[in-house]
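Database features (TrEMBL):
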DOMAIN    22-127  domain 'Fumarylacetoacetase N-terminal'
DOMAIN    134-420  domain 'Fumarylacetoacetase-like C-terminal'
BINDING   ASP135, GLU208, GLU210, ASP242  Ca(2+) binding site
BINDING   PHE137, ARG151, GLN249, THR359  substrate binding site
ACT_SITE  HIS142  active site, proton acceptor
BINDING   ASP242, LYS262, THR266  Mg(2+) binding site
Amino acid sequence: MAGAAQLRSFVEVPAGSHFPIQNLPFGVFRRRGAQAPPRPAVAIGDLALDLAAVADAGLFDGPALAGSPCFHQETLNMFLGMGRPAWKEARATLQKILSADEPVLRDNEALRNKCLVPMSDIEMILPITVGGYTDFFCSVHHARNCGFIFRGPQTPVNPNWFHLPIGYNGRASSVVVSGTDVIRPRGQGHPTGNSGPYFGPSQKLDFELEMAAIVGPGNELGKPIDINNAEDHIFGLALMNDWSARDIQAWETIPLGPFLGKSFSTTISPWIVTLDALKPFTCEAPKQEPEPLPYLAEKNHVNYDIPLEVWIKPKDQSDASIVAKTNFKHLYWTVTQQIAHHTINGCNMRPGDIFATGTLSGPEPESLGCLLELTWNGQKEIPVGNLTRKFLEDGDEVILTGCCKGEGYNIGFGTCTGKVLPALP
């Protein structure tokens, strides 16, 4: 980590920034008011480095990227499919041309102005075409709390949970980028008394603090990804809010699992932080008992030490208030185990597919990653500024953030935000 701390850019990066030269997360932007198509970029401080402009200048001159059209696409999918050699080459090139002692951009004002764009002048868009989205259920603390709430203390966690990463196929078409409003969903809820099912706007709208893994090259149909090669198939991580309508979900979920209670909106942050940038923050993953089956037994069983927070800003308040603090390191089933399990039956994954961790809850009361747990399914209220909440109300803005703390630098994810709008009439 000391080596990483010594890296410096000629770009002035504000103290505490999520995006120093050690990070360089990838996204896709559009210039505000411009007719030009979207372009891939990396973040550096308060600027976006336009990768199409860098490519046009001939600065990607390595064997994987020289002459490649991957940074002239409107999404990152082509680049993701090129795999780890291209990713490492891009990262090395970008860190070199942005470094304080490299003149190619530093001393060329015209090229610098072409390549570096203030973030205030751009709009971030969904960085990938999401062909498939899978949601896992991999936090033991979340699984245990949900079991207590819905099934009671006898068997809060089903026995199969400790043998495999539980997941279901989500809805890729409703994955949206941070800043997109979320319309309160309508649907059916549990009947009360002798009446039929409730129908109307969800009364129990919730956030879920998750992280999304972004798939790289993927695998051919019928050919599983080996657990010890799984890291080569994961480009990076993004923050995710998998919005949930708990009342709709509770009524519909037996026997086939979540459907309309989850499929209305899933928000991801615009910047994807690579596994290479996260490498200094690897940490031991929780011990697994019983030992996993051989196809899930990894030689390098690690997570990442990523502190995570959830804030809520009600419409009538000027400031957001923190409601949860947790950490990615509590994840029981790692992202590499998740992708190995996902493909063990031969299921093929494709560049730009995403799979999510499930709600990331920790062991402390303040580390619960959704209102379902924080309010114990609405049995108690939590403070939000000078207000209280059981579930989300119209006008509430939910803000997720995550940031690894290095020695003299951060590796951050920015924010993942969404505001609740009233249900359609």
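Just so you know, glycine gets a Cβ as well, placed from its N, Cα and C.
Sequence features annotated in TrEMBL and their locations in the structure.
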residue	record	Cβ contacts under 8 Å, 6 or more apart
ASP135	Ca(2+) binding site	GLY167, TYR168, ASN169, GLY170, GLU210, ASP242, PRO258, LYS262, PHE355, ALA356, GLY358
PHE137	substrate binding site	ALA143, TRP161, PRO165, ILE166, GLY167, GLY358
HIS142	active site, proton acceptor	GLY358, THR359, LEU360, SER361, LEU368, GLY369, CYS370, GLU373
ARG151	substrate binding site	none
GLU208	Ca(2+) binding site	MET240, ASN241, ASP242, TRP243, SER244, GLY358, THR359, GLY369, CYS370
THR266	Mg(2+) binding site	TYR133, GLY170, ARG171, SER174, VAL175, VAL176, MET240, ASN241, ASP242, TRP243, ALA356
Exercise. Pick out which of the binding-site residues GLU210, ASP242 has the most other Cβ atoms within 10 Å of its own Cβ.
Key: GLU210
Exercise. Within 10 Å of the Cβ of THR359 (substrate binding site), how many other Cβ atoms can you find? Include all protein chains, please.
Key: 27
Exercise. Please work out the mean pLDDT for the residues of the domain 'Fumarylacetoacetase N-terminal' (22-127).
Key: 97
Self-check item: Annotated substrate contacts PHE137, ARG151, GLN249, THR359, maximal Cα-Cα distance (Å, integer)
Solution: 18
Practice problem: Determine how many residues of the domain 'Fumarylacetoacetase N-terminal' (22-127) DSSP places in helix, in strand and in coil. | Solution: 43 helix, 24 strand, 39 coil
Self-check item: Candidate with the highest Cβ count within 10 Å, taken from the binding-site residues GLN249, LYS262
Solution: LYS262
